[in-house]
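Colleague: Please read through the structure below; I'll follow up with questions.
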Amino acid sequence: MANFKVSRVETTPFEGQKPGTSGLRKKVKVFIQPHYLQNFVQATFNALGADRVEGATLVVSGDGRYYSKDAIQIITKMAAANGVRRVWIGQNGLLSTPAVSAVVRERVGADGSKATGAFILTASHNPGGPHEDFGIKYNMENGGPAPEGITNKIYENTTTIKEYLIAEGLPDVDISTTGVSSFEGPKGKFDIDVFDSTSDYLKLLKSIFDFPAIQKLLSSPKFSFCYDALHGVAGVHAKRIFVEELGANESSLVNCVPKEDFGGGHPDPNLTYAKELVARMGLSKTHSEPNPPEFGAAADGDGDRNMVLGKRFFVTPSDSVAIIAANAVQAIPYFSGGLKGVARSMPTSAALDIVAKHLNLKFFEVPTGWKFFGNLMDAGMCSICGEESFGTGSDHIREKDGIWAVLAWLSILAYKNKDNLGEGNLVSVEDIVRQHWAIYGRHYYTRYDYENVNADGAKDLMAHLVKLQSSIDEVNKLIKGIRSDVSNVVHADEFEYKDPVDGSVSKHQGIRYLFEDGSRLVFRLSGTGSEGATIRLYIEQYEKDSSKIGRDSQEALAPLVEVALKLSKMQEYTSRSAPTVIT
């Protein structure tokens, strides 16, 4: 058994190590500076305190993006030096964010140990590679992201840090082979356990869904399926789950080999970046696919986001969570006893609100950030939740879960088609969505993203929108001057949330304009970029009239889009004539 010593390394603070909604994200060139990653990791250990660190079991893994392998070795050596008892690493350092949450909550080590937290190495849907993004975040013993109380302490520590601890004489661990390596340090034994990346996650998913029913659907010659991991970590889980367990053809999987640079692409599952899947599903404007699959889905880099498509049909994430909630009790065994409640992020459309009202469910509107859902789930108040940014999940873990969402949709399709696989026409994704609209009405919805804009310009735009809210009459005069066919604003505010579980208050969570007819305009600065600022504009119009629910979304929303862009003076403040991405 090899021995190691603990070295104390002198360091000085770096500016800007403040974790955002999902940890610290910067360009790789920033992270590879000497001491940069080490400072943040030590600041995290110091924020957690000795009682949470010494003797702990920590998961250290991520989405496999560039610099992950080096970071795993650094964090492992620092964990050993800080008195951590054991580190668990997914084989090849690969674990999707939902799989990490599952491992923290569900895995029991050979010695009976349970994880007490995790370092997840990911920048989620941001590009990867030597010139792109890297990220790190800490998740707690419930498997969910660290709360603001912890992240604020981490940031405070980064501003005053003077030294970090690292193990000297601890060799790099071979993360390509499963097994346990044991070492001895000043505080006793230290183990590194490299384990299979999918087994614990798969076991949990099998306890939630009716796998034989999904297998029957996938084996039907009438049904075709396509899953695109965009060269992210979800590809590791996809082969095991969809092919080996559920019997899908391996040709159904696209871009399912994880790559450090995501194959040079942008691993964000939307209509702009998931080009190959969009073309295969018959939705490309330049390529006509003669026979698209019945169902398609994509993942982001770390596997927590999803995009759901039918044959030549796009399902908005806002509709997706509402439809899953409306069908969960019948189609998914895990929910057969009923739903405790549902929740959505504030910018997400109100489609879920209508379902909650119809089904008499508890409903919550929370700020963007999965930790707010986690609080509700830990308190037993929420079963299903979602964000418009392609994130959907349930209380089985404390992160959004892309593969869970795909299995939820496959479960609904299997349930709706249980009598159709022999004779009769399949109930399609489009059929399910249109039936939902006929019952609950349709929320026309779109999001405009202005990425990497000048940060000062973005702040000035938001300040301008807040100032306008001081006079609703003046706002309505401006709107009528832009489009006379748009309804009046009846309420405008900056969204503020008081957590019903812990009483904490989150302010400045987005600027809202709420219209008389149920329409909404929401403006937010996103916290997931690595440089500059990202402005997100959300535009929503509710339509109850069943004769008007079949319109093209961009056409239906055109008047509100014009109002939003002119009211905010978007081009004036950002110097952008068009958004980077429209979803």
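We count from 1, first residue shown onward.
Glycine is no exception: its Cβ is also placed from the backbone N, Cα and C atoms.
Note that TrEMBL annotation is computational and uncurated.
Not my notes, these are from TrEMBL:
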REGION    1-20  region 'Disordered'
DOMAIN    17-164  domain 'Alpha-D-phosphohexomutase alpha/beta/alpha'
DOMAIN    200-309  domain 'Alpha-D-phosphohexomutase alpha/beta/alpha'
DOMAIN    318-419  domain 'Alpha-D-phosphohexomutase alpha/beta/alpha'
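Each of the listed features needs to be described in terms of its position in the shown structure.
Modeller: Same-chain residues lying 6 or more positions outside the region 'Disordered' (1-20) and placing a CB less than 8 Å from one of its CB atoms are 26, 33, 35-36, 38-40, 43, 80-81, 137, 146, 151, 154-155, 158-171, 182-186, 190, 527-528.
In the domain 'Alpha-D-phosphohexomutase alpha/beta/alpha' (200-309), helix, strand and coil residues by DSSP number 42 helix, 16 strand, 52 coil.
Across all of the domain 'Alpha-D-phosphohexomutase alpha/beta/alpha' (318-419), the predicted model scores a mean pLDDT of 96.
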